[in-house]
Structure formats: C-alpha cells, structure tokens
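Database features, via TrEMBL:
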SITE      ARG12  site 'Important for substrate specificity'
ACT_SITE  ASP69  active site, proton acceptor
SITE      THR70  site 'Important for substrate specificity'
SITE      GLN152  site 'Important for substrate specificity'
Amino acid sequence: MAQIVLASGSPRRQELLARIGIREFDIRVPEVEEWYPGGLTPPQVVEYISREKAEAVRCTPEEIVITADTMVFLDEERLGKPRDEEHALKMLLSLQGRTHTVCTGVTLRRGDRFLTESESTAVTFRPASERELRSYIRSGEPMDKAGAYGVQGLGALLVEGICGDFYNVMGLPLLRLSRMLARFGVTFLDEGL
C-alpha cells in the first residue's frame, strides 16, 4: 500500500482511517486559513477548503495525502465551532426539531495530481428542552465540534435521524474516501467498491 498522509489533527479522522484498515499513516497538519470566496454552495465551500489544505502540505510524489473539511449548514448558514457555552446553546436551539446538512470536502493528492469531492448528509434533531441542552453543553463534548454536537457521543441522543453517510457526520465519509482511494490504486475489498 502507498504511504498515506492524513493532513488533519482530528482524532476522529485518525480513528476512522483505522476502521477501514489504514493503521499506518503520517499526520501533517496544514497551516491554512479557512477562508473561501463568497457565492459558493456548501459543497463547494468544503471542497475549496479541502483543496487548499492539500496544496499546503509538503509531500513526496509517492505519498497520498488525504485532507478533509467538514462544516454544518442550517438553511445555507454555516454553523462553526461554538465560541463559548452560550453560543453552543444558541446553535443547538436552532437545530432542534429541524434537519440540517453536514458537508465534508475530501481531497486526495499524489504529487501534482489532485482529486476533490464532497459528501452531504442530512441530520434531523429531535426537539429537546433547554435543560437537556445545557446538560449536554456542561459535558464539554460540543465545544470543539462544528454545529456544537458530536454524533459519536452524547450528541447521538439529540439526533432523530440521519440520511446519508453516518461517518460523514463524524468528519470523514468512508465510502466516498474508499472510492477515491481506489482511483489512486488503493483498494480494500477484493471486489472493489
């Protein structure tokens, strides 16, 4: 297998790579300002930032670099990481009883060859009381996550349904990634995906 470089410091992305059998990889966190031009759709935004990250990583021609950028959008408005507990509460209240979109842009780079795609997943929150939300916020879990929740922890108790790739909501759409890697000659199942 080619040498894989994960250009992300996210423990969740590292764990997800291991789930599909990529256990040996280098980690190189790119220094990129997450700026993007106006007028882009949510999938275009995450693709743009993912590509910027891939361009910022130093690599050899033999290495395959994986970058990703995940954002939460509610009615086309980006919900980033909360600034503080009150900001987290405001975000979680806005999501209650509604469906929002989690978009992840993924870029693979090998030398001068780039491949960028995105995945969108619809997530519906159940109605929750302010007391429940404050309790969740006190757990500390939402403070470093886009949209102020993590579906892999206590935040799962706020989610009524997911339509699309569950792993995308965690930050790395595994099926899309595996199909992209296959185009770079890296496969996981004998029959292919």
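Glycine is no exception: its Cβ is also placed from the backbone N, Cα and C atoms.
Just so you know, TrEMBL annotations never went through curation; they're auto-generated.
Given the structure is predicted, the values throughout are model-derived calculations rather than measurements.
Location within the structure of each feature annotated in TrEMBL.
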residue	record	DSSP (3 states)
ARG12	site 'Important for substrate specificity'	helix
ASP69	active site, proton acceptor	strand
GLN152	site 'Important for substrate specificity'	coil
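The Cβ of GLN152 (site 'Important for substrate specificity') has 17 other Cβ atoms within 10 Å, all protein chains considered. Fewest Cβ neighbours within 10 Å among the recorded positions ARG12, ASP69, THR70: this applies to ARG12. Looking at the residue listed as 'active site, proton acceptor' and ARG12 (site 'Important for substrate specificity'), their Cα atoms lie 13 Å from each other. Comparing THR70 (site 'Important for substrate specificity') with ARG12 (site 'Important for substrate specificity'), their Cα atoms are 12 Å apart once rounded. ARG12 (site 'Important for substrate specificity') is 9 Å away from GLN152 (site 'Important for substrate specificity') when you measure Cα to Cα.
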